[in-house]
Structures are given as structure tokens and as C-alpha cells.
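One structure is given below, encoded as C-alpha cells.
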Amino acid sequence: MEHTFPGLLFVMLLAVNLRNLVSAKIPCEGAKSQVCPPGTFYNTTNCAGCARCPAGSYSDQSSTRSYCNKCRMCRGIFTYKRSCSSTRNAECECAAGFTCRGENCGSCMQTCEAGQEATEDNCRSCPPGTFSSETHVRCKPWLNCTAQGLVVMNNGTNKTDVVCGPAPSADVPVEGIPYNPEEGIMVHIIFIILSVLFVMCVVLFTLYLMVWSKKKVKDGFKPVPNLQLIQTAQQEDACSCRFPEEEEGEGGTTTYQAALSA
């Protein structure tokens with residue numbers, strides 16, 4: 001009897017352990033595999049089915065997985081471009097003055113300005129004969145004007161490309177200035193106005209000369225009153241002096257001679 005009790009206890013403990021082992025391998029005995037939508041996972045604990053992803057994790061597609069993916073953390077030189085949610089991972093971007101490098105912005109490097117290009121570690125100026133007109137792009141070679149039958153009009157720099165143009169030639173016709181009908185009408189109107197003003201000025205000047213000439217001729221034939229008065233006064237003086245000599249007659253002459261004798 002004393003040996004029977006320990007044996008029964010051992011058998012009972014062994015049975016319990018075997019049951020737990022079977023339960024660990026088959027958590028939901030008889031249950032079918034369940035597909036959970038994005039943002040959830042299949043919870044095998046107590047056969048609970050699909051459960052929402054906990055904070056800091058996500059599931060971006062439907063699956064039978066019993067876990068969610070861990071969200072990406074944007075720290076240091078990285079900043080959040082998009083926060084993490086239960087259905088999508090977070091997206092990071094580089095801080096100002098830096099540019100993403102690699103897939104999904106795995107690292108950051110200094111932003112290369114125009115006239116530079118990126119290397120493995122930093123930026124360098126574009127080599128001679130190349131240029132970059134935008135930030136953080138590879139340098140491109142200048143245009144080959146000679147290969148295109150053209151000549152260089154403006155030299156290139158590390159930021160600008162060469163400007164090509166046709167070679168100067170005396171046989172090249174000079175393109176005329178395109179005719180603008182509106183400008184032609186305005187020119188005609190201005191010409192007509194100036195012509196009318198010129199004719200009016202000529203007419204007014206002619207009338208002025210005619211009036212001035214008539215006035216001058218009229219003033220030339222006008223009698224002088226003072227001259228007539230002077231002549232009349234002289235005639236009256238002559239008459240007054242001559243008539244007394246005739247009235248005196250011989251008597252006056254005798255008296256004059258007597259005075260001379262005396």
C-alpha cells in the first residue's frame with residue numbers, strides 16, 4: 001500500500017504533462033486556419049481568432065500570421081514623413097540639408113547643390129566639361145556643338161550647359177521684321193494727323209500774311225494831317241505879306257525912297 005500511492009501520483013503527473021504538451025502543439029484542436037485582414041493577426045491564445053495589431057506594430061496585408069510587424073522608428077537625423085498605423089509602416093525622411101540614400105531612405109547624406117554631384121561619402125564639384133543644374137543630381141557632359149554642325153555661342157560652367165548656335169555666314173538671309181497690321185494702322189493715323197496739322201499751320205500763316213500786307217498798303221496811302229496844316233499856314237502868311245504891298249502902291253515906294261535919301 002505504501003508503494004502504491006507514489007506510483008499513482010507519478011502516473012497522474014505524467015498524464016498532466018502529456019496533455020499540456022499536446023495542447024502546446026495544437027492550441028485550437030479542430031479549428032481551421034483563419035485569414036485575418038490588414039491591421040490584424042491570428043490570435044492563437046484561447047482560440048480568439050483575428051485580433052487588432054497592438055500599438056507600435058502593423059500588418060499591411062491579409063495573412064494567417066499570428067503576429068504583426070514592428071513599426072519603424074525615425075530618430076536622429078531622420079524625421080517622420082508618415083506615422084505608423086495598424087495597416088502601414090512608418091516612412092522616414094532626412095532632415096533639412098540632407099538627402100535620403102538607399103531603398104526606403106535607409107541612410108542620409110549631405111544634399112549636393114547645383115554644380116556638384118554625390119559620391120560615396122560626400123559631394124564634389126562637377127569635373128571639367130560637365131554640369132548639374134539641379135540639387136543632388138549626377139553631373140552631365142556638355143553638348144558637343146561640333147558634332148551637331150554648330151558652334152559654341154556661350155561656354156558652359158559647372159552649373160550650365162554649353163549654348164550652341166549656327167555658324168555666322170554672309171549667305172544667311174536676314175529675316176525681316178514681321179508685319180503687324182495694328183502697328184501699320186497706327187502709323188497711318190499718326191501720319192494723317194500730322195499732315196492735317198501741317199496744312200492748318202500753312203493756311204493760318206498765309207492768312208496772317210494777307211492781313212498784314214493789306215494793312216501795310218492801307219497805311220501807306222493814308223494822308224498826313226499835319227503836313228496839310230503846315231502848307232495852309234504858309235500860304236496864308238504869303239498872302240498876308242503880299243496884299244499890303246499892292247495896297248500901298250506908289251505911295252509906299254516913295255516913302256521908302258525918301259527914307260533912303262535922308
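The first residue you see is number 1, and the count goes up from there.
Note: Cβ is positioned from N, Cα and C throughout, glycine not excepted.
TrEMBL entries are annotated by machine, without manual review.
Summarising the annotation, TrEMBL assigns signal peptide to 1-24. If you look up TrEMBL, you'll see 52-92 marked as domain 'TNFR-Cys'. Summarising the annotation, TrEMBL assigns repeat 'TNFR-Cys' to 52-92. The annotation transmembrane segment is assigned in TrEMBL to 185-212.
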* **Cβ contacts under 8 Å made by the repeat 'TNFR-Cys' (52-92) with residues that lie 6+ beyond its boundaries** => 33-44, 98, 104-105, 108
* If you run through the repeat 'TNFR-Cys' (52-92) with DSSP, how many residues end up as helix, strand and coil? -> 0 helix, 13 strand, 28 coil
* To do: Compute the average pLDDT of the predicted model within the domain 'TNFR-Cys' (52-92).
  => 94
